[in-house]
Amino acid sequence: MNIFRLAGDMTHLFSVLVLLLKIHTIKSCAGISLKTQELYALVFTTRYLDIFTDFISLYNTVMKLIFLGSSFSIVWYIRRHKIVRRSYDKDQDTFRHYFLVIPCLVLAVFINHKFTFKEVMWTFSLYLEAVAILPQLVLLQRTRNIDNLTGQYVFLLGAYRALYILNWIYRHFTEPHYVHWITWIAGVVQTLLYADFFYYYFQSWKNNEKLQLPA
Amino acid sequence: KKQPQPHDEL
């Protein structure tokens with residue numbers, strides 16, 4: 001474990017905590033895409049199929065349980081909680097899941113390191129995670145007033161991806177050379193999707209203005 | 001020598 005990986009995991013954890021804080025204390029999910037949250041629940045479910053079969057470390061297992069538990073509870077809150085669900089704007093969050101899920105599944109079946117169920121599911125989760133933020137980014141663009149917590153949430157998610165790239169560069173020079181081009185390409189694509197958001201995020205921060213993405 | 005990647009990340 002290097003410092004970039006740890007920092008990446010912590011920003012990822014903070015992003016989830018910020019979102020749960022917004023949902024749990026303010027009882028609002030305004031500006032949050034249920035589609036993206038459902039895709040993340042699917043990402044973690046398919047990626048962590050090895051949770052009970054391959055033990056890596058206690059840290060690893062605990063973090064996996066946190067990401068699984070938090071992603072499903074966020075989906076539950078937005079769909080079922082009697083107050084939270086009222087703030088969900090269904091008409092704005094129109095992105096179709098299958099536009100992302102089906103191409104990722106097809107890609108994972110054909111492009112993977114090993115054609116086994118677990119490996120294909122793991123590869124699928126990488127492809128899907130890369131694009132799962134799209135419904136959220138589309139929703140942000142449609143939202144005239146992006147509240148602070150939503151902005152922080154997306155920023156932390158983007159920071160997590162950027163730190164993972166630094167982690168891979170570090171690992172590349174310090175560890176035995178593994179084949180990881182699938183992780184790299186999916187990860188770089190995922191990080192690039194945040195580039196536009198980062199630009200406007202820093203602009204609003206520099207000019208001390210409210211964050212707003214151009215339509 | 002290149003080996004398959006371990007799934008040790010989150």
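Using the three backbone atoms N, Cα and C, a Cβ is placed for every residue, glycine included.
Copied over from TrEMBL:
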type     : residues  : note
TRANSMEM : A:55-78   : transmembrane segment
TRANSMEM : A:98-115  : transmembrane segment
TRANSMEM : A:121-140 : transmembrane segment
TRANSMEM : A:152-170 : transmembrane segment
TRANSMEM : A:182-202 : transmembrane segment
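Of the candidate ranges A:55-78, A:121-140, A:152-170, A:182-202, A:121-140 contributes the most Cβ pairs within a distance under 8 Å of the transmembrane segment (A:98-115). Only residues 6 or more beyond the boundaries of the transmembrane segment (A:121-140), in the same chain, are considered here, and those with a CB under 8 A from a CB of the stretch are 31-33, 35-36, 39-40, 42-44, 46-47, 49-50, 89, 92-93, 95, 100-101, 104-105, 107-108, 111-113, 146, 150, 154, 157, 182-183, 186-187, 189-190, 193-194, 196-197, 213. Taking Cβ pairs closer than 8 Å, the transmembrane segment (A:55-78) reaches residues 1, 9, 12-13, 16, 19-20, 23-24, 29, 32, 34, 37-38, 40-41, 43-45, 48, 84-85, 88 in its own chain, all 6 or more past its ends.
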